[in-house]
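*Asks:* The structure follows.
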Amino acid sequence: MTDADGRLRVELHSSRFEDSWELAYKGYDVRCVLSSLEDNVEYSIRYRFGNDHGWGEFSNPLPVRTLKKPLSGEDIHRALRRKNADDLLRREASVDAPDDRGFSPLSVAAMDAELELCNLLLEHRADVNWTGENGKTCLMQVSYKGKPEVVQWLLDNGASVSMRDRKGMSALHYAADGEQLDTLRILLTAKADPHARDNLGCTALIRCAMLKNNGNSAVAVILLGAGARVDDTDSSGQTALFHCAINRHEKMASVLLDNGADPLATNSQGVSPLKVAEAQDRKNMRNLFQDCLAKRKAEAAAVGGDSGGGGKVDAGKSGGGRSGAAARPIGKK
């Protein structure tokens, strides 16, 4: 039955109803996917082989049933929009089925700030701490977007502030990344850990400094006010101030210096924030660091004079490490 090239041609027909056959496939492939078939439906399949001289007889019909495709998040959310979700959610298996982007129905509703839909999903036992393949929870996603009322709703309904995604990031990291001030306050009130580190050793404060499009000094003030340690380092030994020097976040650097950050603290390669500013000829940042060091040296000398000159204080360290102290905004002493 092969053709002149030694190949065997195959033709498949499908039918949902008796004597109503449709061509489903014609070609030379060993395997094929019949994408036109509906989910969870009984079909009959028949086939025949052909060559250059024509086609053979059809096989006897083979009964098959297609698999039932699980609802996606989009299906459920579409039903929610149509106000007929109650029946749909009662009949179908998984209220947490993700859409093609990996979002659960609750995540989609939460990011749209549709609290009525969120409540409906919760009534049907949606998992408020469900995670996709990347490990992100709904709280992480909403924290980045900055929807305080939804963040509070999630926390009130059992969302965890301590969970981490596959990058080791928490909801607090995402709120800092998104520069969401109100969300940061809500998470910290809910006991989010300002010292929590991601897989690169970064706290939320360090991430705020290391992102080129961030460097939000108001974020730094909130985190420092909640007890974030100003001179914590990432896995490369770099402080938030070091990242400010790299990314020219002058306002945030000023806040960090006012809260005791050390311009002379070196990373794992022995490089300090001051050296970064000097090497990259960033005059404003360099002057900011040098002025801070000069001021600290003068303060240390004054303290030494008052005590009879017996005390010696490292100008690069004085005033540092005010963990838990109220953060000073720019310009406030």
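Keep in mind that glycine also has a Cβ here, set from the backbone N, Cα and C atoms.
Please treat TrEMBL annotations as automatic predictions, because they have not gone through curation.
TrEMBL lists these features:
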type     : residues : note
REPEAT   : 101-133  : repeat 'ANK'
REPEAT   : 134-166  : repeat 'ANK'
REPEAT   : 167-199  : repeat 'ANK'
REPEAT   : 236-268  : repeat 'ANK'
REGION   : 301-333  : region 'Disordered'
COMPBIAS : 305-323  : compositional bias 'Gly residues'
COMPBIAS : 324-333  : compositional bias 'Low complexity'
*Asks:* Across the repeat 'ANK' (236-268), what are the DSSP residue counts per state (helix, strand, coil)?
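*Replies:* The counts are 17 helix, 1 strand, 15 coil.
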*Asks:* Please work out the mean pLDDT for the residues of the repeat 'ANK' (101-133).
*Replies:* 89
*Asks:* What does the DSSP secondary structure composition of the repeat 'ANK' (101-133) look like, as residue counts for helix, strand and coil?
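*Replies:* Helix (H, G, I), strand (E, B), coil: 16 helix, 0 strand, 17 coil.
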*Asks:* Work out, from DSSP, the number of helix, strand and coil residues along the repeat 'ANK' (167-199).
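*Replies:* Reading the DSSP string over the repeat 'ANK' (167-199) gives 16 helix, 0 strand, 17 coil.
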*Asks:* Could you count the residues of the repeat 'ANK' (134-166) that DSSP puts in helix, in strand and in coil?
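*Replies:* Counts, helix then strand then coil: 17 helix, 0 strand, 16 coil.
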